[in-house]
Each structure stands twice: as structure tokens, then as C-alpha cells.
């Protein structure tokens, strides 16, 4: 390991060196071809690029160049007592001298034309944008909500991992603000705005309240403005809740447990049995995340249909009534 000093400071570098040595790491005071990991603190990608160029003469051949890493890799390695695997969030994206940036990626402009893989290589980016989208929705900012959600959807459809901001050029629904979030994640492994949102009392409270069945953003916002913050505080004011909200609060813990695939399939069979009994030939298909192969989820999407066009009109209320009589509906 080589600890780059400029932003780190001499005394902190000395402390980190002693810490690494005590954990059994080999720390080289001078940069040389023996270095495999360069650790930097509070350093941007551009600064890392300049640092690398100034030391190109001491660098090994391109195929074995040392990894330029944010301090987060070092702290995680110290906690583990061994070098942790280098992940994209640890890397400072400094371009190799003489090598151009990665080419921009391409996806179809319309969401219905894109693939929807169960897993994708850009989870850290899409989840960060979804947090900002959710926060914008809590504030009633539909424009920002849609902007972040659409950008997150584009990331989920990309065929490979984003390693440089240049890869996002020309992508549909990817605005300047979303690009800044991705850039910060690439350079530092975290986005301050996202972390600030996650830590905020309002975001946590709104997320809690909107997680109650029957509670929307406006109701959650009103409760927040009235000083309510916890489920216990709602229990003390049940008179303010509708019948549906009371049921949602009563069964909150149970409804928060992810639905497992066998449970979703069992529910599909129950609904189909009711539908077929009312309308012979009707089918009920499990769709949504479970159709894409998910093993668990927070809801179950079902599609009612019939081979003969028009017969399913009005079927749903009858199915719901049948399920209510069976005690399957709150």
C-alpha cells in the first residue's frame, strides 16, 4: 500500500501507516513499481488523474498498474483486518495515460423497449436516485420525482457497470442533477445529498407513515406537521384514522414482512379458484416482480383475464366479495 499524502496530511498519514503496519499490511513510504494499492483521501477523479500522470515514469506496465483507491477501502480493510475486495465505489476513476474514456452506453428511448433484468450491475447508483425520487415525492415535487425515477430506470437497463461519467452521455431521461449524483458516487463512494436525506427525520417519518396500508403522502405529511413521529403516537390517536388505516396500523408488522414466492403462488391459486368459480375459463396470472423471477416482494401483482373478450368486465368486485366471505381480505 502507498498512502498519498497531499490531502491526507503528514501526521494523519503517519497514524494510518502505523495502523496498517499493526494489521500486518505492507506500507511503502515511496511510490514505486512494487505498489499495488494507492490510497487517497478527499481526492477527486481529476486530482487522481493528475497524480497518476506525474508519476507515470515510476508506474509498472499498464496491465499491472496499482489501483487508485478512496480512503473508504483502507478503513474497511482495517476493520476487516485484511485487504477487502476492491469495488467500483472504492475506485478513483483516473484515466490511464494515453487511453480515452469509456464509450457512452445506449438504451432505447422508451421504457417499454428496454430489458427489465431481475438484477443489474448499477444497484448503488439506481438506489441512490430512488432515495432522492422518494424524497421529492414526499415534498410533492412531481417533476423531480419523475426525473430521478426515470434516470434510475435507465440505469437498471444498462448492460454493464458504469465506471465513468462519460458513459452516461446521450442517455434518455438522464439530467444534470442525476449525473452529479453518479459522479459523486464514482469519485467518493457516497453522495452527501443522498446520505443527508436518509438521515433526515422527515424522510424517515414519511417513509414510515406511507408504509402503512391506506396512508398516502398527503396524510403522512399532515401527521408529520402535527408532530406525530412514531407508530405508537398514531396508536394514541386512533380516532384520526380511517377504518382502512386502522387495519393497516394494526397489521403493520405483518404487512412489512416480505412475501415469499410460495406465498405469492398460493395467493394466485386462491384468487384463480374464486375467479373460475364465478366465471368458468377465467385465468389469474402472477405478474410483476415474481414473474421476473423474484423470490420475495412486498406485494403480489395478479392479472385477471379470459379467452373471450369482454367477459372479465365487472369480474373483480365479485372476486373480492368471494375472498371477503372467505376471510382473506382485511
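Backbone N, Cα and C define each Cβ position, glycine as well.
Record features (TrEMBL):
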DOMAIN    1-91  domain 'BRCT'
BINDING   299, 301  Mg(2+) binding site
Residues near residue 299 (Mg(2+) binding site) in space but at least six apart in sequence (CB under 8 A): 259, 288
For the domain 'BRCT' (1-91), mean pLDDT (0 to 100): 81
Which same-chain residues, if any, lie at least 6 apart from residue 301 (Mg(2+) binding site) yet have Cβ under 8 Å of it: 286, 287, 288, 289, 290, 291
